[in-house]
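Participant: Here it is, the structure in full.
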Amino acid sequence: MAPRTTESRSKVRDASLDNAKAILIVLVVLGHAIEDVPKDDAAEWLYRVIYLFHMPAFALITGYLSRRFQASVGSYLKLFGALLVPYLVFQAAHALIEAPLEGEPFALDVFDPKWTLWYLLAVAIWRALTPLLRAIRYAVPVSILAALGFGLIPNLPDTLSLDRAITLLPFFVIGLTVTPENLDLVRRLGPLALSAIFLPVAVAVTWWSLDRLGGDDFWFSRSFLQLGDDWLATGLLLRLCSYGLGLLGTAWVLAVAPKRNLPITYIGVQSLYVYLLHSVALTAFRDNGVIEGLDEPWLILASVGFAIALSAVLAAKPVTMITMPFVQPPFGKIGKRETSGKRTPVRQRVPDRDSVPAWDSVPVRDSVPVWDSVPVWDSGQSWQPAPVPAREGRPVNSRTRPAPAVQHSPARRALVEDQPRGGWVIQDDTPRPRRAAAPVST
């Protein structure tokens, strides 16, 4: 659920991406609603399948939407306001709710994110590193090697959610390299083809992990050393399989998501609100054990409907308007250029007097003075500029100001021809300095 930022220019939203985020955020709510169920029921299967791909898909979409992040003071200020300020607000909210439920005094630890808030810190780390990641030539393989090497650490540091931020980094980097053409190619594969590939593989991997590994080894926050004797080979295999399944699941979501606006599209648009608010709503039920023991099939179906309904309510306009100061505080608008959707008129620089040719200068064509008009004596009354037909091969320049009419002595005038108007045409034979021809560039 990439936090929304306002671009300097308006653009049309991608309905397919919004629908994909709507599907993913509903899966997030559903996964958190059934998180504490026993491991021997059908809800555990659903839970494991969801966690194979939904956060990798969010990380990849976040990277795709972060491609234009620039290394500037304004960008980092907006990053702080859009992610870290809401993190502090909801970290305090979780602490306030949990303190009376657990019978402990209020304590705020900003380095240990509560429940779902780890993703805000992960996105903040990823976006802060975006300029550096774009500068690396082979960023995708480098990020995969870094994530695999991070799994060799005995106890992965969970401070500021560094464990999941680093292990999920390859998906974000892949999102940075994805183009709209790549997304169109995935969508052209079709939902049926990708469903036929992904769903059987996801079910098979889930069964294998539950039956052979206990189901906890596909998490992106586990060290390879926790896998037993053959930890190195098993860890590398599981982590690479996790990346492959994450990419396959992301492609499946992008293919399934419709390309047009639907009644659920607004849920994807406001996915950040759903992500932050649903954890607060579920915290009380989670700590009281209300949602534990969900083992009936009809209750699982009811939980799916509950997740959709809760997501729809939290993304509704009244809720977003009330909670906007907490989810998208005004601090996040620092560094944003205000735009009204209209083009700002460009201020033209007025040239000074010395930067334009004088009005009495002679227009030059091939270094020979050319006149668009000559003074005409009209019935002995006044001087009038009479237009001369355009010469062949030379267009008439309507903006060229004609030479001013100047009275000369009779000795400098010669009658050349009679005009249709009946006036006298006076040809000025006064010699004038000629301009040097402009050099011809070769």
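For all residues, glycine too, the Cβ spot is worked out from N, Cα and C.
TrEMBL entries are annotated by machine, without manual review.
Look at TrEMBL and you will find 15-315 tagged as domain 'Acyltransferase 3'. The region 'Disordered' annotation in TrEMBL covers 333-358, 380-442. Per TrEMBL, transmembrane segment is recorded for 12-33, 45-65, 77-97, 117-133, 138-156, 162-179, 191-210, 230-257, 264-285, 297-316.
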Participant: Out of 45-65, 77-97, 191-210, 264-285, 297-316, what stretch is closest in contact terms to the transmembrane segment (117-133), meaning most Cβ pairs under 8 angstroms?
Facilitator: 77-97
Participant: With Cβ distances under 8 Å as the criterion, find the stretch in 162-179, 191-210, 230-257, 297-316 that has the most pairs with the transmembrane segment (264-285).
Facilitator: 297-316
Participant: Report, as numbers and ranges, every residue of the chain located at least six residues beyond the transmembrane segment (45-65) whose Cβ falls under 8 Å of a Cβ in that stretch; write 'none' if there are none.
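Facilitator: That would be 1-2, 17, 20-21, 24, 27-28, 30-31, 34-35, 37, 119, 122-123, 126, 168, 171-176, 178, 183, 202-203, 205-206, 209-210, 215, 218-220, 242-243, 245-250, 252-253, 300.
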